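Here the structure is laid out as structure tokens; the discussion comes afterwards.
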There are 4 protein chains.
Amino acid sequence: MKRIAVLTSGGDAPGMNAAVRAVVRTAAGYGQEVVGVRRGFQGLHQGDMRLLGARDVANTIQRGGTILLTARSHTWRSPEGRAQGAAFLREWGVDGLVVIGGDGSFHGAHYLYQEHGINVIGVPGTIDNDLYGTDHTIGYFTAVETALDAVDKLRDTAASHERIFVVEVMGRHAGHIALDVAVAGGAEEVFLPEEEKHVSSVVEIVQQSVSKGKASSIIIVAEGYPGGALGVAAAIEEGTGFDTRVSILGHIQRGGTPVSSDRILASRLGEAAVHGLIEGRTDVMAGRMNGEIVFTPLSETWEKRKDLNRDLYRCAKNLSV
Amino acid sequence: MKRIAVLTSGGDAPGMNAAVRAVVRTAAGYGQEVVGVRRGFQGLHQGDMRLLGARDVANTIQRGGTILLTARSHTWRSPEGRAQGAAFLREWGVDGLVVIGGDGSFHGAHYLYQEHGINVIGVPGTIDNDLYGTDHTIGYFTAVETALDAVDKLRDTAASHERIFVVEVMGRHAGHIALDVAVAGGAEEVFLPEEEKHVSSVVEIVQQSVSKGKASSIIIVAEGYPGGALGVAAAIEEGTGFDTRVSILGHIQRGGTPVSSDRILASRLGEAAVHGLIEGRTDVMAGRMNGEIVFTPLSETWEKRKDLNRDLYRCAKNLSV
Amino acid sequence: MKRIAVLTSGGDAPGMNAAVRAVVRTAAGYGQEVVGVRRGFQGLHQGDMRLLGARDVANTIQRGGTILLTARSHTWRSPEGRAQGAAFLREWGVDGLVVIGGDGSFHGAHYLYQEHGINVIGVPGTIDNDLYGTDHTIGYFTAVETALDAVDKLRDTAASHERIFVVEVMGRHAGHIALDVAVAGGAEEVFLPEEEKHVSSVVEIVQQSVSKGKASSIIIVAEGYPGGALGVAAAIEEGTGFDTRVSILGHIQRGGTPVSSDRILASRLGEAAVHGLIEGRTDVMAGRMNGEIVFTPLSETWEKRKDLNRDLYRCAKNLSV
Amino acid sequence: MKRIAVLTSGGDAPGMNAAVRAVVRTAAGYGQEVVGVRRGFQGLHQGDMRLLGARDVANTIQRGGTILLTARSHTWRSPEGRAQGAAFLREWGVDGLVVIGGDGSFHGAHYLYQEHGINVIGVPGTIDNDLYGTDHTIGYFTAVETALDAVDKLRDTAASHERIFVVEVMGRHAGHIALDVAVAGGAEEVFLPEEEKHVSSVVEIVQQSVSKGKASSIIIVAEGYPGGALGVAAAIEEGTGFDTRVSILGHIQRGGTPVSSDRILASRLGEAAVHGLIEGRTDVMAGRMNGEIVFTPLSETWEKRKDLNRDLYRCAKNLSV
């Protein structure tokens, strides 16, 4: 192996820079050069790349976003686009590519390997934590912390006004963020995409809560729950007549200085991805499960279902009494 | 003077507890007892009050929200409601009331003095900074910091995706928060309620920005600007075709641990309010202008217009080149 | 089982309140009353206890420190002191005690069971993460985050002045905090109590770093490394002549709002401790390993050695190239 | 005027980058080029400079430290060193220099004007707030916030253990940081370099505090108070026998993302410095007093004494009852 390329793709996630740094420095330790591709697959299609040395990633471990930039690429969906990208990689003498991103990005990587034989390794970089094959994804811990910080702030107002707040957190298909935030934020209830719980159940919960003497409540709703926070709030107001406030946290959950857990996970997985390429692995994702590095076929990362933590779900319910 | 009462009213603001603490402890220093009224004028109407000693406010200076609770009172709008409140104050032997809140709360205090001769002093507690007679209001500094922190996070994503973000901050009638956040956040443009600038101007600004080589932009919109952030974003998308993201920060701007400037301001003004009552002042607000404590008739605080900082507005424009 | 008692003991750790809350609310779910003991074993010896209901722990999950107070008790070291504590527990009708603390506190709990047959379950609450039987201890994640935030700040100055900073973090006997902070903080080198590395090795590391073109460096030292940060800094100055600054972070690492991971861990373990008591377990600690709740005999928690994460140690070295 | 140079010098302070950005962009608005000098006067002496355009300072407003680097220069103390620096400025066609730093840096600027007729304007960039001619210096607000955040954390431990904490904050010659932190942190007492208060007075204060029922206390000591925090703690232990903990916050107070107030002040003063040069001012500092931009002769900034806020000092005492 002579050269390794690295790109970040899809939605940005805190810790992506720590992963890029780990790829560059691990490769440097093996005497390998690293080619940084800008703007994800779109940049790869356009040949927008440059060499990255160990000093080029200095002072980046603490930065949010991605210094390589990212994009959602349309051209990559066509076989011609991918052929063009593969040609650029060969031109630069690259024989292994690390793709940091989510399941869309892993599809792109998978095709590149299938169609052009480029060795690819995925590194899970997405705040949603919705990939099979790793306990956590890079960016997830920071997103939870940002959402929790917002909930703590809203709690001040909820408690002072004795009001109900319905807070919508990110998670289009997965309730991981919502569940963690609910437990850590001491929420009354949580609505997840994975649950079939009907929104009307919130009425009884709120009424019980009031009858127990609770003057204020926080209710967490994952973005992907049908109707979202607005739907839940409407159900409460209609069913109980209580004054309710909605807060949709939105994009702030993507940014910010990564917390330690994301930087450490990114460092471990960036390192593992290079090791994997050197060992001849391809078409797999480097993940961490129960503290150990594991490699999972890319296709399994999106085909297999990562379950919610049921114990935590039960815990959330039990502690909101 | 035998007893002083204190209440917080209207929207909660970070630093209200520091102001309550200052009232209680300054009064204690004069050997006076303090009666804490819960839930603002609603609680006053209902006689929901209790004695507060110096130890009761220990460990509260750093807390967001208000330990006295707050509410928006409907009953207070009727003369009967106010008569009832005045009767409770007399019953408790209170001959001076400190009202911590915004202009709605100051109206309530003003009527109490006018109709029942209760001595009242207002302390400006609102994140909006829209009261005449004080350079800043308690809670304003923290709200700016919270909004700025969100903008810093959004900037990570904006820069990584080379996108335009339109961020809506609080300020229904005043652009103070928006202006400070725009300067401190390095925003491209800011839309304020006080400005007659047409939303279409944003198209030219964005196009100039792109022609200067800027790949991403942050645009700040005050809640009270006609159309809000959604209107500005729609204008950009229609006029330029660029992909735009909207973030409405909302209620998180009200909560959180108060920053040092809010705690210091609250300490000074809570102290000044007690001094004012002891000196026989009434129907005035204690404020701080150019570092000095000043008392302004309550009616002037809402009748006179507090101007935007024009130098800062010009500065925002000049530095976004 | 009729009543459960709970206390916090030893050094305070962020998340202790979340654990107390989980104990109280889980017990409430089983219809059990909870007795809160103040000031740890000292308060138990003095019978300083009161009933805690579900509402008494409202709004505490986000608070640092411990609402039950804590202390290091001398009287507990005598058999008479423990007999007195056991008598108070019986008097209150308590037949199970949850002790939240570190190894010193677990010794106290162990004796109480051995000598008086009181059922005890330990919950690991200490920032040091030095207990066998759990992957992490409550407070550890927050301490790492606080130390990392400090390192990020120091990095600004280190980079601006092109200086070497030697930063001492907590960990008298264990290097867990130091290692996590080193990886996440992008440190040049880390000195741990568990390593026999001689301080003189730092000279070569600094010289290599300079020869690679690094203008500034962060070096992390655990409190328990012989000589501490001052010793390492002296070795650098003597061996290289470079200007060096020392920062000893100290007690700030114990306080602050707990991060999400500590609140979640505390919620799980507080719940598990009550389940354990109800199932008849005693003289064990509730821990979490690989995501699962496990119970470990109290004596093993301090007798068995929890190893450093060797993979992480290697990673720290590899990524500082 | 054709070209303006800018440098940062002395200890780094949060907001220096915002000031550099404001200088560069204000100059760009006037069609002027800006030359950035690296490493302060040391770099000036060595001719280490390069052109800075408006895009070069993009995305820097939120960064701590200084992108221009800083240093304490020995060579600048010699007339030859300054002559060399002046020659480089002429060579680059610079006819005005903005110096961002503290009083040491302003001395350097003053000599450059006196000896070589180079127009110089100072911008106050130092966390100490010890310059006459401006209400606040750039970096001061962030340093106070960082110290206050640490005090909040220590308060958790102090309250949980019912202990006395003595906290030392920066301020070798001035007590501004200490005083603000004392008021905002709800401290029991504060020891300042400007006060002649004897350390033994702390004994009585602590005893009174205990007799009032306070179980824990925070005492703030400015670095420049004789004996520092260690001296105060020793006096407490000797005089009262109470267990005391010391925390010396140190260098973390210099770094970190600047808070909004520092970014806004830096933006205003960087802009004002360029305006000043264009208007023909020299040998002065741009400051902000009572919200207005004012220019003060450089020599006055260090010769005249900036007083402590006596009202705030009294407030600190009154509210610690």
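Glycine residues also receive a Cβ, built from the backbone N, Cα and C atoms like all the rest.
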Among B:Arg3, B:Arg39, B:Arg50, B:Arg155 - the residue TrEMBL places in the same ADP site as B:Arg21, B:Ala22, B:Val23, B:Val24, B:Arg25, B:Gly186, B:Ala187, B:Glu188, B:Lys212, B:Lys214, B:Ala215, B:Ser216:
B:Arg155
If I go by TrEMBL, which of B:Gly11, B:Gly15, B:Gly171 binds ATP at the same site as B:Arg72, B:Ser73, B:Gly102, B:Asp103, B:Gly104, B:Ser105?
B:Gly11
Reduce the DSSP letter at B:Gly11 (ATP binding site) to three states and note it down.
coil
Using B:Met170 (substrate binding site) as the reference point, find which of the binding-site residues B:Gly11, B:Val23, B:Arg25, B:Glu188, B:Lys214 has the shortest Cα-to-Cα distance to it.
B:Gly11
Which same-chain residues, if any, lie at least 6 apart from B:Arg21 (ADP binding site) yet have Cβ under 8 Å of it:
B:Val57, B:Thr60, B:Ile61, B:Ser267, B:Gly270
Measure from each Cβ of the binding-site residues B:Arg21, B:Arg25, B:Ser73, B:Gly104 to the Cβ atoms of chain D, and list in sequence order the residues where some distance is under 8 Å, or 'none'.
B:Arg21, B:Arg25
Alpha-carbon distance [B:Asp103 (ATP binding site); B:Arg25 (ADP binding site)] in Å:
25
Rank the binding-site residues B:Gly11, B:Gly102, B:Gly104, B:Gly186 by the number of other Cβ atoms within 10 Å of each Cβ, and give the residue at the low end.
B:Gly104
Tell me the Cβ neighbour count for B:Arg25 (ADP binding site), meaning other Cβ atoms within 10 Å of its Cβ, over all protein chains shown.
24
What is the biggest Cα to Cα gap, in Å, among B:Thr126, B:Ile127, B:Asp128, B:Arg163, B:Met170, B:Gly171, B:Arg172, B:Glu223, B:Arg245, B:His251, B:Ile252, B:Gln253, B:Arg254, the residues listed as binding substrate?
33
Please state whether DSSP places B:Arg245 (substrate binding site) in a helix, a strand or coil.
strand
In terms of Cα spacing, which of the binding-site residues B:Ser73, B:Gly102, B:Asp103, B:Gly186 are within 10 angstroms of B:Thr126 (substrate binding site)?
B:Gly102, B:Asp103
Other than B:Gly11, B:Arg72, B:Ser73, B:Gly102, B:Asp103, B:Gly104, B:Ser105 themselves, what residues in this chain have Cβ atoms within 8 Å of the centroid of the ATP site's Cβ atoms?
B:Ser9, B:Gly10, B:Gly40, B:Gly101, B:His107, B:Gly108, B:Thr126
Whole-number answer please: how many Å between the C-alpha atoms of B:Ile252 (substrate binding site) and B:Gly104 (ATP binding site)?
22
Between B:Ser105 (ATP binding site) and B:Arg172 (substrate binding site): CA-CA distance (Å):
17
